[in-house]
Amino acid sequence: MKNILDFTLEELKEWMKENGESAFRAKQIFDWIYKKEVFNFEEMKNISKALIGKLSENFYIGIPEVIDYLSSSEDGTRKILLGLGDGNIIECVIMRYKYGNSICVSTQIGCRMGCKFCASTLEGMVRNLTAGEILSEVLIGQKLLGERISNIVLMGSGEPLDNYDNVMKFLELVNADYGLNIGQRHITLSTCGLVPKIREMADKEMQVTLAISLHAVSDEKRKTIMPIANKYSISEILDACNYYIEKTGRRITFEYSLVSGVNDTKEDAKSLGRLLKGMLCHVNLIPVNEIKENEFKKSTKKDIETFLNTLKTYGVEATVRREMGSDINAACGQLRRSYIKSKGLKL
């Protein structure tokens, strides 16, 4: 049995022809799934019983079970805990902005990158999500919300470029006009800096916004909080980013989690300003999410403001990320981890 959400329209048309059906049936089925949010073959009214039988024998519509659905009383942020068919659990977050609804999706179950301040990496890597499983987060999120999701950020659990092929196919599926038709410029992909994959993605000349999890201004300091820094230097990452800008014309976002006493001094801000001065980029300053498993503390408001203002003196565009859903632990990995522990399950 295959997850039909993993299929492109052309792939499903080919299956139809191979199984004695008209190719146009593929579009009808996808209309039911993507336009009408019908996730059961039996409910597709203009599909013959014979074809429904064939579909049921060969495919399933991989919509996950909703285990928990939390809504923030502060800002309307929604956090969804989802159960997959194999018993694994993932989570996604919907954030409401003036310009529309944005969903933060997971691309892996767990993560093997080992970043010290991230909850999703604490139990290590379980497995990659397929393109259809990533897509299902958007589908179920949109159905639960009852409104269109217009923006996607690949910033949930997992390193997207460590699941490159599935993520690239997801981007194709979610952008397709027969599907959700979410434009590439409305999608942001966050990576800790897998240099070869950044360059490979640049060669596709996609219009996806690339966000780099930087979090330190020297290789030495970065190695203490991000193991990937032992493989790729900041210089190599910046070279890859400039290549991405050259190929796509898109501005790079640099994510910088501010950790009290670790990377939030005025000297750190000056070093970051010198590093990025003149580059087509934007810095997103993130007050770190505190988790029990480490001792990292959030920077003070005064230190955050000083850091921000110092960056601006170098002509570097920067903003402080608005904290959303703090009353429901909306940071990636937190809800999944607390749920698994509460049930006494193995991480």
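Quick reminder: no glycine exception, Cβ is built from N, Cα and C everywhere.
S-adenosyl-L-methionine binds GLY158, GLU159, SER213, LEU214, HIS215, ASN289 as Swiss-Prot records it, and from the list SER102, SER136, SER190, SER260 the residue named for this site is SER190. In this structure the residues listed as binding S-adenosyl-L-methionine are GLY158, GLU159, SER190, SER213, LEU214, HIS215, ASN289; their two most distant Cα atoms lie 18 Å apart. Applying an 8 A CB threshold to same-chain residues 6+ apart, the list for SER190 (S-adenosyl-L-methionine binding site) reads VAL153, LEU154, MET155, PRO160, ALA211, ILE212, SER213, GLU255.
Taken residue by residue with DSSP, GLU91 (active site, proton acceptor) is part of a strand. Under 8 Å, Cβ to Cβ, and six or more positions away along its own chain, LEU214 (S-adenosyl-L-methionine binding site) finds GLY193, ARG222, ILE234, ILE237, PHE254, GLU255, TYR256, LEU272.
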